[in-house]
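For reference, TrEMBL has these:
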ACT_SITE  469  active site, phosphocysteine intermediate
BINDING   354, 355, 356, 357, 379, 380, 469, 470, 471, 472, 473, 474, 475  substrate binding site
COMPBIAS  11-25  compositional bias 'Polar residues'
COMPBIAS  551-568  compositional bias 'Low complexity'
């Protein structure tokens, strides 16, 4: 799909009124029988696709005021801006903590407020897009302390992508459970783009900070240690120094639809060179600079794999010129030239296997003063399966759920078979758990070690580093973002961390929707309406009957998840980086 238009004069405005769902008033009910003219058709949504530009919606053009919140149901003190309550249950018990409270389904999250403390219980509160699976047919064994064992229990199980397994117990002989369950099924998988909570917040509250292009260029000014101008004429001037420049060759996203509109490149490389070099990289994701040190001249660059072919005999002179330009500066008074490390995040065997599809890896002989290294980080499918096996085992056999707190498993588990739980001390079970945990932690370690090594070469040797994997938007993003966090203290601040996510994750095209299993935008046959496709969620739940319910079999007809019959490209890429970030900060 071609990138969206950047002409703000012809760009359609989003119909922000579609995000509001006001509760019907008495006057509306009295007037219901009166004939009314049909409402005007809503304006078409902005043309945008999964790899479209940030200019698809001009937030600063939205000036109409927001109507007051239509439905809060007594939750005013706990709701965020423009958050609305769609369904609610009173006297609901969170079995994980045995707390009673009010459970609300909003346009943003599942919200649980304690009846005793009048505060939000974080364990029972989860964003709708972070829900992996909901199940309303949970049959748990009765507790020994339960007084009325004949009383039916109305249970609802929620499994989160953050490894939470939580169970709510509703009052019997009420419709509260069905109302909450139906609301979760409807709003956790919205059918229209404007139903997402992100489009409900008033864009005027972010004012000029809503322009992603300006924020990206502001970050480039910071990297260049330049004063950031506030006037439009000064802002549009070329940004460059003695080594690098900011190119606008991708301003219309015609060079690469998954790259930023502005690219930091060596000053000696022309825009024509960039166009020629892009043809030699997968997805036209050519080598560009993500972080630079004006003090030493070292750079951290990123790209996708080169298209060298099965025999690794295809070459591109412009690509070699561009990569070599990353390390042409002299680093000391003796005239020593800078070294370049080309870091391939994949295992060597995987990189060579990609050659059969036209990809592959660089040969150091074609790039002067370079050294090629392989980090051995596995692909998205291996990472997803590793996390799934760990979560499946913990949630099935653990004495605590995967959220780390006492769960319904420990409360109502089969007490006649305590040896089946690793909490019960069974040696074989403990060994199996340790193996699964070790596998997952080994993946985390590979990412942390790789990022630490990259940062060390830039600091200690003043070397430049080019990082890539296959497509250059998963493992590459993990390594570059974590290395930037280690190299630059600014990224360890709130504003800096936001700039880092926007630069290396959003601007460089990480497929968040696909990896996280949240809706993405797809065009139907007519092209007149944009619907949301629910991507597969983490793990293939059908592979494990034990994961469906806590302690018993599950009726799959009453189970809702984000799965699809299409290929599963979800993966815990962001989750791994969060683990690594926390490890680096500690």
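Keep in mind that glycine also has a Cβ here, set from the backbone N, Cα and C atoms.
TrEMBL entries are annotated by machine, without manual review.
On the structure: features taken from TrEMBL.
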{"residue": "354", "record": "substrate binding site", "contacts (Cβ under 8 Å, 6+ apart)": "305, 346, 360, 361, 470"}
{"residue": "356", "record": "substrate binding site", "contacts (Cβ under 8 Å, 6+ apart)": "310"}
{"residue": "379", "record": "substrate binding site", "contacts (Cβ under 8 Å, 6+ apart)": "346, 350, 470, 474, 475"}
{"residue": "469", "record": "active site, phosphocysteine intermediate", "contacts (Cβ under 8 Å, 6+ apart)": "304, 305, 344, 345, 346, 377, 475, 476"}
{"residue": "471", "record": "substrate binding site", "contacts (Cβ under 8 Å, 6+ apart)": "282, 283, 285, 304, 305"}
{"residue": "473", "record": "substrate binding site", "contacts (Cβ under 8 Å, 6+ apart)": "258, 285, 304, 508, 509, 510, 511"}
Cβ neighbours of residue 475 (substrate binding site) where a neighbour is any other Cβ within 10 Å: 27
Binding residues 354, 355, 356, 357, 379, 380, 469, 470, 471, 472, 473, 474, 475 (substrate) - maximum C-alpha distance in whole Å: 21
